[in-house]
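Features reported for this protein in Swiss-Prot:
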- 17-70: disulfide bond (DISULFID)
- 21-43: disulfide bond (DISULFID)
- 29-53: disulfide bond (DISULFID)
- 33-55: disulfide bond (DISULFID)
- 7-71: domain 'LCN-type CS-alpha/beta' (DOMAIN)
- 1-5: signal peptide (SIGNAL)
């Protein structure tokens, strides 16, 4: 249909892991999120998956953190 939707979520690395962050005032997460098509992003401290990048209006084609294990190698 050509219509893309977006959602607010933790952007995920391969293996269902969050992009960790440690500074709520750093531009790291906003840069990461906007480079992946989101409206904006920030470092969510002590969230559901620890300190991770949370994106606002992230396109559906970008992986997000889902329930289940983070499979680090």
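Each residue, glycine too, has its Cβ placed from N, Cα and C.
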Subset of disulfide-bonded residues (17, 29, 53, 70) lying within 10 A of residue 43 (disulfide bond), CA to CA, in sequence order:
29, 53
Run through 17, 33, 70 for me and report the disulfide-bonded residues whose CA is within 10 Å of the CA of residue 53 (disulfide bond), in sequence order.
33
When you measure from the Cβ of residue 43 (disulfide bond), how many other Cβ atoms are you left with inside 10 Å?
22
Just the number: how many Å between the Cα atoms of residue 17 (disulfide bond) and residue 55 (disulfide bond)?
14
Looking at the disulfide-bonded residues 21, 33, 53, 55, 70, which one has the fewest other Cβ atoms within 10 Å of its own Cβ?
70
